[in-house]
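Per Swiss-Prot, these features apply:
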{"type": "ACT_SITE", "residues": "LYS201", "note": "active site"}
{"type": "BINDING", "residues": "ASP43, GLY44, GLU45, ARG102, GLN103", "note": "ATP binding site"}
{"type": "BINDING", "residues": "HIS137", "note": "Mg(2+) 1 binding site"}
{"type": "BINDING", "residues": "ASP177", "note": "Mg(2+) 2 binding site"}
{"type": "BINDING", "residues": "ARG203, ASP227, ASP231, THR232, ALA233, GLY234, THR235", "note": "D-ribose 5-phosphate binding site"}
Amino acid sequence: MPTIQDERNLMVFSGNANKPLTQSICKELGVRMGKSLVSRFSDGEEQVEIEESVRRQEVFVVQPTCAPSAENLMELLVIIDALKRASVSSVTAVIPYFGYSRQDRRMRSLRVPITAKVAAKMISAIGADRVLTIDLHADQIQGFFDVPVDNVYASPLLLADIWRAYGTDNIIVVSPDVGGVVRARAMAKRLGDTDLAIIDKRRPRANVATVMNIIGEVNGKTCVLVDDLVDTAGTLCAAAVALKQNGATKVVAYITHPVLSGPAMDNINNSELDELVVTDTIPLSDAARECRKIRQLSVAELLAETIRRIAFGESVSSLYVD
């Protein structure tokens, strides 16, 4: 990827949620990270100061809204506000992982908020001119924003690693649930139309354990589970057990966003999973970094190239043309 020789019109700032990723993006772009103070007052309120001139600059702010979600979202909002008040030309909110994305509907008409829309409206209202994110939980979330959204996909990065690590001779792509079939089918197609399997979870009746039915032939295969995020890893680990029981020789998972909350690490360490490959949209905890089953890929090059294309008015969608 060509580096940006002239930084006068492009600046990259970072919140505290994932500074290592921002540093990697800046390295790929050949620019330095913008100078800012992002901290908290003694009572916990956000404190932000932009420490250099940004007047008429095209600014990108990198901040995933991962845990602690409310704090990281608020931090993003006040950084954007500080930049807008400093007379930037435009601000793009680069949100590698968009938290609250699973709260995108009212389930069974319960009296609950659609929090994904609340967060999107806040980001739009504060003055963001554009949003750049990776693998939204649901593509329709783009419509919650009142500004343009570039939802880019980590699949090229994951596919390249699958080709390198496992080849395509004896693999089968597996969707861990019916809702992920479209994603899994697309991955299978890009891997040379490899076989596809689906795990159908259902509870036969009340007070009876959930049964996992495997749709597809996994016996003797290396199973590649694909999904957009892993949280407690309960479903993922149960899927690995079901696949091994049905004759799979190896079970690996490729997942974009490593939320990894609650009992996730215990579940993974004690699971039948042979490997879990994730990206750095969310920083890993110390326990996750030390886990021998977890391997992390970087989305820095993907985000840097997308930022470059946005800054120079080039096509983003052409990144995904075969």
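Heads up, the Cβ atoms here are built off N, Cα and C, so glycines get one too.
Feature annotations (Swiss-Prot) mapped to structure.
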residue : record                            : Cβ within 10 Å
GLY44   : ATP binding site                  : 7
GLU45   : ATP binding site                  : 9
ARG102  : ATP binding site                  : 14
GLN103  : ATP binding site                  : 17
LYS201  : active site                       : 15
ASP227  : D-ribose 5-phosphate binding site : 22
THR232  : D-ribose 5-phosphate binding site : 17
ALA233  : D-ribose 5-phosphate binding site : 27
GLY234  : D-ribose 5-phosphate binding site : 14
THR235  : D-ribose 5-phosphate binding site : 19
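Nearest by CA distance to ASP43 (ATP binding site), out of the binding-site residues HIS137, ASP177, ASP227, THR232, THR235, is THR232. Geometry remark: LYS201 (active site) versus THR232 (D-ribose 5-phosphate binding site), CA distance 17 Å. Rounded to a whole value, the Cα-Cα separation of THR235 (D-ribose 5-phosphate binding site) and GLU45 (ATP binding site) is 37 Å.
Proximity to ARG102 (ATP binding site), judged by a C-alpha distance within 10 Å, picks out none of the binding-site residues ASP177, ASP227, THR232, GLY234. In terms of C-alpha distance, the listed binding-site residues HIS137, THR232, ALA233, GLY234 place THR232 closest to GLY44 (ATP binding site).
Put simply, THR232 (D-ribose 5-phosphate binding site) is 15 Å from ASP177 (Mg(2+) 2 binding site) when counted between their Cα atoms.
A coil conformation is recorded for ALA233 (D-ribose 5-phosphate binding site) in the three-state DSSP classification, outside any helix or strand. Of the recorded residues, the residue listed as 'Mg(2+) 1 binding site' and GLU45 (ATP binding site) place their C-alpha atoms 30 Å from one another. Spatially close to ASP231 (D-ribose 5-phosphate binding site) yet at least six residues away along the chain are VAL259, LEU260, SER261, GLY262, ALA264, judged by Cβ distances under 8 angstroms. Neighbour counts were taken as the number of other C-beta atoms within 10 angstroms of each residue's C-beta; across the binding-site residues ASP43, HIS137, the minimum falls on ASP43. The DSSP secondary structure for GLU45 (ATP binding site) is coil. With ASP43, GLY44, GLU45, ARG102, GLN103 listed as the residues that bind ATP, the site has a largest C-alpha separation of 30 Å.
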